[in-house]
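A.B. asks: Following this message is one structure expressed as structure tokens.
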Amino acid sequence: MSIILGIDPGSRITGYGVIRQVGRQLTYLGSGCIRTKVDDLPSRLKLIYAGVTEIITQFQPDYFAIEQVFMAKNADSALKLGQVRGVAIVAAVNQELPVFEYAARQVKQTVVGIGSAEKSQVQHMVRTLLKLPANPQADAADALAIAITHCHVSQNVMQMSESRLNLARGRLR
């Protein structure tokens with residue numbers, strides 16, 4: 001059993017999603033958004049760090065998954081996003097959590113089956129996969145999708161490792 005915290009970083013709204021994985025079974029534990037209503041970036045970063053730390057304390061995840069930085073047309077936006085990712089990652093590392101990063105395209109491909117999927121498609125598939133009564137908020141859905149992606153990637157890595165181990169055992173007999 002593993003608990004995975006997914007983070008969709010944003011300087012105004014940072015989404016989070018927490019799921020439990022037991023084998024191939026995924027269970028929704030919680031999700032939401034850290035909203036920063038202050039204007040100055042240092043204060044926003046402080047609130048995001050505190051929010052992520054509080055979520056980690058509440059859910060006690062085993063793994064931390066976050067969206068990678070994408071190339072933005074606006075350099076200022078990309079820098080702010082990088083700083084938000086930084087404080088979220090520091091919050092995880094301070095709690096001794098292993099950090100995994102996934103590109104937005106990989107997350108959409110894993111959850112929807114199309115790397116260029118729309119937000120509404122991600123919300124719908126997250127709702128379906130986690131058997132939720134309604135679509136989660138867009139940023140929370142993205143964070144849950146990141147956590148789901150981590151589950152699928154780690155499951156595939158484990159299966160490949162087991163296959164290679166079994167193959168090696170067969171050669172040794």
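Cβ atoms here come from the backbone N, Cα and C positions, even for glycine.
Worth saying up front: this structure is predicted, and the values here are computed from it rather than measured.
I grabbed these lines from Swiss-Prot:
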- ASP8: active site (ACT_SITE)
- GLU67: active site (ACT_SITE)
- ASP139: active site (ACT_SITE)
- ASP8, ASP139: Mg(2+) 1 binding site (BINDING)
- GLU67: Mg(2+) 2 binding site (BINDING)
A.B. asks: Between ASP8 (active site) and ASP139 (active site), find the distance joining the two CA atoms and give it rounded to the nearest Å.
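C.D. replies: Spelling it out, the Cα of ASP8 (active site) and the Cα of ASP139 (active site) are 6 Å apart.
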A.B. asks: Pop the Cα-Cα gap between ASP139 (active site) and GLU67 (active site) into the table, whole Å please.
C.D. replies: 11
A.B. asks: Under 8 Å Cβ to Cβ from ASP139 (active site), same chain, six or more residues apart: give me those in sequence order, or none if nothing qualifies.
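C.D. replies: Result: ASP8, GLY10, ILE13, THR14, GLY15, CYS33.
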A.B. asks: Using a 10 Å cut-off, grab the number of neighbouring Cβ atoms around the Cβ of ASP8 (active site), all chains included.
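C.D. replies: Other Cβ atoms found within 10 Å: 25.
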